[in-house]
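A.B. asks: Have a look at this one.
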There are 2 protein chains.
Amino acid sequence: MTVHKETTAKFLETIRKVKSYEEALGVLYWDLRTGAPRKGMDTRSEAIGALSGDMFKLSTSPELGEYLNELEQPAAQEQLSDIERKLVSETRKDYDRSVKIPPKLYQEYVVLASQSESKWEEAKANNDYAGFQPYLEKVINYTQQFIDLWGPKATRYDTLLDQYEPGMTTAELDRVFGGLREQLVPLASAIAASPHQPDTSFLGQKYDKQAQKAFSLFILNQMGYNFEAGRLDESTHPFATGLNPGDVRITTRYLENDVTSALFGTIHEGGHALYEQNIMPELIGTTLCTGTSMGIHESQSRFWENVIGRSKPFWEQYFGKLQENFPGQLDVSVDQFYRGINVVEPSLIRIEADELTYNLHIIIRYEIEKMIFNEGAKAADLPAIWNDKYKEYLGIVPPSNAEGVLQDVHWSGGAFGYFPSYSLGNMYAAQMADTMERELDGFWNLVGRGELLPIKEWLTERIYKYGKLKSPSELIQSVTGKPLDPQHLVNYLERKYKDIYKL
Amino acid sequence: MTVHKETTAKFLETIRKVKSYEEALGVLYWDLRTGAPRKGMDTRSEAIGALSGDMFKLSTSPELGEYLNELEQPAAQEQLSDIERKLVSETRKDYDRSVKIPPKLYQEYVVLASQSESKWEEAKANNDYAGFQPYLEKVINYTQQFIDLWGPKATRYDTLLDQYEPGMTTAELDRVFGGLREQLVPLASAIAASPHQPDTSFLGQKYDKQAQKAFSLFILNQMGYNFEAGRLDESTHPFATGLNPGDVRITTRYLENDVTSALFGTIHEGGHALYEQNIMPELIGTTLCTGTSMGIHESQSRFWENVIGRSKPFWEQYFGKLQENFPGQLDVSVDQFYRGINVVEPSLIRIEADELTYNLHIIIRYEIEKMIFNEGAKAADLPAIWNDKYKEYLGIVPPSNAEGVLQDVHWSGGAFGYFPSYSLGNMYAAQMADTMERELDGFWNLVGRGELLPIKEWLTERIYKYGKLKSPSELIQSVTGKPLDPQHLVNYLERKYKDIYKL
């Protein structure tokens, strides 16, 4: 018994140290993206490399393997707390995944991924898919090797999905994305054909940056973002980073000619941040102290950004305040504003897409990734496949690869299996909102009165506080009483857009 | 031969890694002091502890000891470059210093120092020397043990001085501080008795913070501070931190009711930063890539702040620009402004003291530290000693210990031997300025025209680029052609203040 206690202590100490390194690296990355001087980059990269290397050694050490072996024994398991047991099983997953890749192979891959990312940047700027293709081929090839080493699941692509959404499978995604696609494609067509198109002209003025910032800070406060446990900065690409629950930082980007960019960017990152700020203190210092999956994380950013932030009750409460920040510039009714920020248009670029068509962008990427890893599609085939699918689902064909297959960074760095998280987020969010509408008394009245804290509390009690203690599927089941069901997102979008477009 | 090459490579790699850890920790400390959220502090401290511990292990590892043993052999020394040889000898000094302290003793001391610092803060706020005294006694006691372990030099206090100013001795400081004290005490008295006291009333208005910031950025640009290799932020206590020559950050503090605080604070930290930004690239990734001593570092901040920044030619060039930043607020002549920023007054608080009396504050601390470590003065005796010396050198007696012996943080954290650096900086700066006046054609005309870059170049070629390659005494000898001579500071101060006070 004492033996297990000692091993448990050593195990927890190792995890705490891994977490400390992760936190230090988190600060270094945050710093790089929020204004670190250009000329210090090379030396900083070396420091990041040194720390990452030591963290990797620690998290793949034979000692850690021995602690796991011992703590997985039934006699030891019995003595562990629930948190410790979960920490052992999660650490086992990470450990096995890491030790299965030979360090030399991983090193080669890291170098390749970094080259491939800069090559992609160049290729996108020059619309040069041919220049990027050999790098993409190699990245795919390494990823195939990793699948072999990790071990294929029901399909080869499942092994990749599991990295970002534990337990998610191709079969499940086929089911939910199939349901989405069938209903969203006709809805998008009906919207395009509606004579009641919103006016968006008033949005494109010059909006003072300081006033945008003031409103961002105001809205974060309204959401219950804790500024004693975070800060708001600027970066080219907005992000949230949870260093620990007491330090969860967000960034946004102020575009002078687009008041909605910082507005919804801030609410989106604020949603991610609320998740990380409200994880229970018992998980601090463990690797369970973060969101349970990319999809669930995204559900929180999108719940706050879209379900709440693009709703009519929200703007009935806050539009006056927004107008005050930009005197004379938003001289429209709240209804016009609401319709303007909810315009739906088939477009080429995912990150600029609206709530509805966004999902079609994701489904296209999902289907292509499946073709690569389950059906052997080659890098050379991707531009044609891409363009065909855009024609089929969105009715438009990219005039160039730069606006098509080259638009996203993800594949260049080997992040295959990541894209589905975005739409999973939308589906989880709609399903949770459906439950919330039924369980939280007067939900939309709260939003309409700007009483957002009870909503944050509801999410904290059911989702945030658990960190990684529950898996994504356990979480959606426990919150909503059933498994993921894409119909909630379809219902939500239909209700919203049938009203806006008078269908 | 190949053997030495391999050892050299391993040695350099170890040093690079130590340096990487130092840089990562530097970012974490910078972050803590420039706005890290309060609630994340505990977890962040743990991360800092983990990294510091690993860095200490690395820099005291038996392997590093073996590399040093081998590379110190004549056969190996022959094969090393100048930089490598210097790196071996400097690393040996640090290594021996670190390994001589038993880890357990050091650990106890770190805990004590941290407790003592918070006790000091409390004691200062409550004017409670008795509450602080037992902690100070313990800190002194540990420091005495460290002197025994490191080995006393000519005197016990010399061992402490050597930490901050390598090679500096009590004998040398007695010589230079003796010269200073004898001449500055009567000069300060003559100034106090002068009927020509400057008017400072115009300085105490409300000065817009954004305008202060704009002028800080302007002056840093004029000095040749490279914003691609640095950034300016805010913190309660201004500081400069050289993470690597491509990333040297400074902070300042904007007081609305005192336009001179940020102004001279920025120039001061800018001087520190110019030193670190201009170290030769060959030293990057080595522990030689920093200023050679605290005193030489301080000479650069004080050269820029006082010799240049409080000079008449400087303001003949820049006062108009300063006035533009504060329309209607600085409605005085440049001569009135110059006299106003150079007022001399005996005062109780070191950090608020002028250029002249500042040195008397330092001499008092130096004499007390010497009494503690060379003559056995006790913590209980310090308030009385302190007050007597203030009466003797400055003609004033602190009305409370809070404004006397408790005013500085240094002793609470065990930084004995540090204070002399400040006045060494003043003396080095004056001596270098004397050489510069003779060697740099039309030096004061350059300042008067705002052509500061040739001055930065001159300092780079003679001081900055060498980092720690030259010791402080080698440096002052090579720059000025002779050893440290306090007479230059006395001459500089006499010339300046006899004019201002019409003595």
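A Cβ is built for glycine as well, from the same backbone N, Cα and C atoms used for every other residue.
Sharing the features that TrEMBL gives for it:
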{"type": "ACT_SITE", "residues": "B:E269", "note": "active site, proton donor/acceptor"}
{"type": "BINDING", "residues": "B:H268, B:H272, B:E298", "note": "Zn(2+) binding site"}
A.B. asks: Measuring Cα to Cα, how many Å separate B:E298 (Zn(2+) binding site) from the residue listed as 'active site, proton donor/acceptor'?
C.D. replies: 10
A.B. asks: Sorted by position, what residues of the same chain at least six away from B:H272 (Zn(2+) binding site) have a C-beta under 8 A from it?
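C.D. replies: Those within reach of B:H272 (Zn(2+) binding site), by Cβ under 8 Å and sequence separation of 6 or more, are B:A240, B:G242, B:I250, B:G291, B:H297, B:Q300, B:S301.
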A.B. asks: Once the chains shown are all counted, how many other Cβ atoms turn up within 10 Å of the Cβ of B:H268 (Zn(2+) binding site)?
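C.D. replies: Looking across every protein chain shown, the total is 24.
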A.B. asks: Show, in sequence order, which residues other than B:H268, B:H272, B:E298 on the same chain lie with their Cβ within 8 Å of the centre of the Cβ atoms of the Zn(2+) site.
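C.D. replies: So the additional residues around the site are B:A240, B:E269, B:G271, B:H297, B:Q300, B:S301, B:R302, B:W304, B:E305, B:G425.
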A.B. asks: So if I measure Cβ to Cβ from the residue listed as 'active site, proton donor/acceptor' and keep only same-chain residues at least 6 apart in sequence, which ones fall under 8 Å?
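C.D. replies: Those within reach of the residue listed as 'active site, proton donor/acceptor', by Cβ under 8 Å and sequence separation of 6 or more, are B:P238, B:F239, B:A240, B:I250, B:T251, B:T252, B:S301.
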